[in-house]
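J.: Quick one: this structure, given as structure tokens, is what I'll be asking you about.
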Amino acid sequence: MNELAALAAGFLTADTLMLALAAMAAGFVRGFSGFGAAMIFVPLASVIVDPPTAVIALWIMDNLVTLPLVVQGFRHCAWAEIRPLFLGAVFGAPAGVWLLANAPEDPLRWTIAILVLVAVAGLASGYRRRKPLHRAGVVAVGAAAGIGGGLAGLTGPPVIVFWVGSETAPAQVRMNTFAFFGLTGVLAGIAHLVAGLFTPERIMLAALIAPAYAVAIYSGSALFGFASERLFRAFALTLCTVAAIFVLPLWR
């Protein structure tokens, strides 16, 4: 117990406070919209810690804190849409995790920033499909989500563009994303474990900032339906853009 307390005390620094603030911003957006946590937290946290630590900390926080929301998503999601997406993610996630575990830090930061900016562009584009995707196309969307999720926790953007483009109601998109994130979270966790990315230091860091993430995510969830979705989405995408620019190695 004393060793655990000493380890925790060593993490109570200004950097930990900054990570907690990043977690709060990410959690609030995630709770309200159903996605966006990785687009905010991973770039901001990667300025302070290495990208694998940022991704693992978010994985631990998100999968622990959002379990009740995942259960809710399982009850109300459209399983016929989720199954082919998850099939693609099964193939994509291991590739993303391999890149996370083996790529140098600065190229990882560039990649994360570019992925977030591409995701913002896709989400802001207002893209609408005129006809349904073939099953192979849906599996490809799931594979892209798996790669992004394994590499940077960015599971959401490909599937959000997919569902929003199909005119799916915002409330249904939230339920679908909660369920899909729950499934892909387990998948990514197994891949991270096999790659040896879980360490005591990363687990401790996640435990220290998880309460801030939890408070924010349920605050955001409680506001869904009360605040303007259009204004909130514009704010969230602006925040994601700032986070992506901030992580670029140009500033160091």
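Each position is counted from 1, following the chain as shown.
A Cβ is built for glycine as well, from the same backbone N, Cα and C atoms used for every other residue.
Summarising the annotation, TrEMBL assigns transmembrane segment to 35-61, 82-101, 107-127, 139-165, 177-198, 205-226, 232-251.
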J.: Of the stretches 35-61, 82-101, 107-127, 205-226, 232-251, which racks up the most C-beta pairs under 8 Å with the transmembrane segment (177-198)?
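T.: The stretch with the most contacts is 82-101.
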J.: Give the one range among 82-101, 107-127, 205-226 whose Cβ atoms make the most pairs under 8 Å with those of the transmembrane segment (232-251).
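T.: Most Cβ pairs under 8 Å with the transmembrane segment (232-251) come from 107-127.
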